[in-house]
Amino acid sequence: MAKVKVRIPATTANMGPGFDTLGMALKLYNEIEVEEINGKTQIYNNGLKSEEDFGNNLIYKSIIETMNKGGYSYKGFKINVVKCDVPISRGLGSSSACIVGGIKIANEIMGNKLELKDMIDLATKIEGHPDNVVPAMVGGMVVSLKTGEDIKYSKIDLPKQLKFVAMIPSFQVNTALSRKVLPKSYLKEECIFNISRCAMLVSALYNGEFDKLRTCFQDKIHQPYRKNLIKNSDDIFKKAVEFGSIGEFISGSGSTLMAVLNKNEDEFVISIKRYLSGLQDKWNVILLEPDLEGVRIVKI
């Protein structure tokens, strides 16, 4: 019976003006190991058996969808999440990691019946939008769009000196609620505001024009409404500027806040940790680099 292990990166999506469009893989990982078995599917977390109904498990659902698409006959699986460093419901692509991991594992078991494009299309169908699943699949920073059921994407070369500081609070932000707070329509001026900044963000990153990044990360589509779901977000962003950040944004739908740096990363981390320690909620601070590879098979 086949046994496969994968490593999947965390992702940060939206990145300011690129709502449901921009995303980037980060060097923070989950690892999933799956073995085909003849009996009933079993779920484990780091070797400890879970009481979770496997039918509701996103990894299992993604495996089944992939195998059904590939016409592969299966019985059951032993699914073991051996590493889970991507925090759940914090805007760092935890659901995308499950989906992409499940699809990659299933395709490997099937003998790679599906092409990369097929896997991306399927992952987007399961997730509902491409901005997390595409970078989780291919790595790097990615612009993604949907045309019907077809997904198109383009990778962006990032300057090597850029680092990203994830400020992760102890509280979650529900994705459904974070979409519910958004307005049903926008003014033309607000749309132009975002289109111009999203376009310039891609150009500024490509050209290494770091002085433009803070303006480019501005947004009027989602962050003004979602920041109220993240306690102290305005004050934290102000402190990030004070401590040397060159750009800030809400990661995905939150609750993680992201700061962008091109120098003095260690000093920034020390300063922001000291500030966050004085707030009511607990915050975890992680210095991250982009992951350029995406999901990968790991030797067992």
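Backbone N, Cα and C define each Cβ position, glycine as well.
Per Swiss-Prot, ATP binding site is recorded for Pro87, Ile88, Ser89, Arg90, Gly91, Leu92, Gly93, Ser94, Ser95, Ser96, Ala97, and the stated evidence type is sequence analysis.
Annotated features taken from Swiss-Prot, shown on the structure.
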| residue | record | CB count, 10 Å |
| --- | --- | --- |
| Pro87 | ATP binding site | 20 |
| Ser89 | ATP binding site | 18 |
| Gly91 | ATP binding site | 29 |
| Gly93 | ATP binding site | 31 |
| Ser95 | ATP binding site | 19 |
| Ala97 | ATP binding site | 32 |
Query - Cβ within 8 Å of the mean position of the Cβ atoms of Pro87, Ile88, Ser89, Arg90, Gly91, Leu92, Gly93, Ser94, Ser95, Ser96, Ala97: remaining residues of the chain near ATP - result: Ala10, Val86, Gly252
